[in-house]
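For reference, the structure is listed below as structure tokens.
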Amino acid sequence: MEFPYMEAVVGFMILMYLFETYLDLRQHAALKLPTLPKTLEGVISQEKFEKSRAYSLDKSHFHFVHEFVTILIDSAILFFGILPWFWKKSGTFLPLVGLNEENEILHTLSFLAGVMIWSQITDLPFSLYSTFVIEARHGFNKQTIWLFFRDLIKGICLAIVLGPPIVSAIIVIVQNGGPYLAIYLWAFMFVLSLVMMTIYPVLIAPLFNKFTPLPEGELRLKIEKLASSLKFPLKKLFVVDGSTRSSHSNAYMYGFFKNKRIVLYDTLIQQCKNDEEIVAVIAHELGHWKLNHTMYSFIAVQILTFLQFGGYTLVRNSTDLFRSFGFDTQPVLIGLIIFQHTVIPLQHLVSFGLNLVSRSFEFQADAFAKKLGYGSALRAGLVKLQEENLSAMNTDPWYSAYHYSHPPLVERLAAIDAADKKEE
């Protein structure tokens with residue numbers, strides 16, 4: 001008797017949905033609390049708290065609906081054999097346009113084209129509602145419907161240009177990899193990640209946003225001085241026009257070796273009137289670099305990727321596994337999809353572990369910025385970001401521990417204050 005892999009996967013998906021819904025309900029109850037946490041009393045204005053509460057509750061209600069529809073569709077696709085049916089149908093389409101349906105690469109691309117169309121149809125109503133109802137209601141959405149669809153079309157075009165060669169390469173590697181398949185797949189994805197990290201800021205990101213050099217002035221001088229003091233190889237300092245789409249704010253850095261760049265959202269500059277607050281946020285980001293957090297994270301991702309491919313090589317020839325999901329053949333892409341579903345339990349555990357590590361890194365980066373003398377400015381900057389982004393003020397500890405890669409503001413401020421008391 002064959003093991004019911006598909007039924008086990010669907011069952012676990014539903015169990016995880018129920019567990020995560022329980023956590024969502026706990027968080028929803030926390031969001032409904034009518035008062036600020038004691039740590040934030042006198043720090044966050046009541047007006048901002050009420051706005052944050054309303055925004056968070058709107059997003060929470062939307063999340064419940066979205067997750068319910070998602071688990072319903074995903075479970076139905078697996079349980080009712082829609083996945084193998086769709087795979088066969090995508091193959092029968094090829095002869096109609098004069099292509100060979102026996103060619104696995106062409107069959108896979110046809111299948112992915114159908115999946116992309118289906119995902120756009122099912123995701124579009126949620127994206128539109130999130131952007132033009134929830135985000136607009138709370139003053140965040142700045143993009144027009146034309147800009148929304150222009151970005152959507154650009155994303156689809158990028159997928160059409162970049163997807164086929166990548167998918168084709170993976171299929172060829174799997175078909176010819178032999179006993180060293182896991183190594184070859186990992187090496188390909190490693191090189192691909194380096195290439196994408198190189199071309200994304202230069203060729204892809206500018207398709208969606210405008211990047212301009214930060215104007216000469218006091219803010220630029222302070223950031224350059226900070227980078228120089230830490231021997232950070234800052235080559236370019238940009239401002240991105242995030243305000244054309246949203247009033248949410250952020251800052252980030254990227255680049256390899258001696259070619260680092262820092263990007264500030266124009267909304268961050270507009271919201272933080274005090275330059276020291278922006279510099280403190282940058283000091284936090286540079287802390288990640290100085291403490292090698294970025295390198296550790298990259299290495300962890302590479303190890304996990306290799307282990308994933310190693311696991312895939314062990315099950316890719318399991319006819320029982322494919323038959324359980326309704327397939328009488330063993331296509332490469334379908335094998336990868338099935339494998340991803342079968343390791344969902346491990347993925348959740350790994351994600352939880354990575355979140356714990358990430359939260360630890362955030363505390364360390366805060367402490368690093370504080371040691372540079374930006375403690376009070378960082379505190380003010382974190383509060384400003386929390387206020388302007390209307391982030392949740394009350395968080396359930398179980399929910400945040402499971403979902404958040406960054407500690408809640410209350411915990412970060414408490415850590416900064418605790419360090420101040422130790423110094424006293």
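Quick reminder: no glycine exception, Cβ is built from N, Cα and C everywhere.
Annotations in TrEMBL come from automatic prediction, not curation.
Feature annotations, reproduced from TrEMBL:
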- GLU285: active site (ACT_SITE)
- ASP366: active site, proton donor (ACT_SITE)
- HIS284, HIS288, GLU362: Zn(2+) binding site (BINDING)
- 27-210: domain 'CAAX prenyl protease 1 N-terminal' (DOMAIN)
- 214-418: domain 'Peptidase M48' (DOMAIN)
- 6-23: transmembrane segment (TRANSMEM)
- 68-87: transmembrane segment (TRANSMEM)
- 155-175: transmembrane segment (TRANSMEM)
- 181-203: transmembrane segment (TRANSMEM)
- 294-312: transmembrane segment (TRANSMEM)
Averaging pLDDT over all residues of the domain 'CAAX prenyl protease 1 N-terminal' (27-210) gives 93
Beyond the flanks of the transmembrane segment (155-175) by at least 6 residues, Cβ under 8 Å: 104-105, 108-109, 112, 116, 120, 181, 184-185, 188, 192, 204, 207, 316, 332-333, 335-336
Cβ density check for GLU362 (Zn(2+) binding site), other Cβ within 10 Å (all protein chains) comes to 21
Within 10 Å of its Cβ, which one of these binding-site residues (HIS284, HIS288) has the largest number of other Cβ atoms? HIS284
CA pair GLU285 (active site) / ASP366 (active site, proton donor), Å rounded to integer, equals 9
For ASP366 (active site, proton donor), nearby residues of its own chain (Cβ under 8 Å, 6 or more apart in sequence): HIS284, GLY287, LEU378, ARG412, ALA415, ILE416
Starting from the Cβ centroid of HIS284, HIS288, GLU362, which together make up the recorded Zn(2+) site, report each further residue of the same chain whose Cβ lies within 8 Å of that point, ordered by sequence. GLU285, GLY287, HIS293, PHE361, GLN364, ALA365, ASP366, PHE368, ALA369
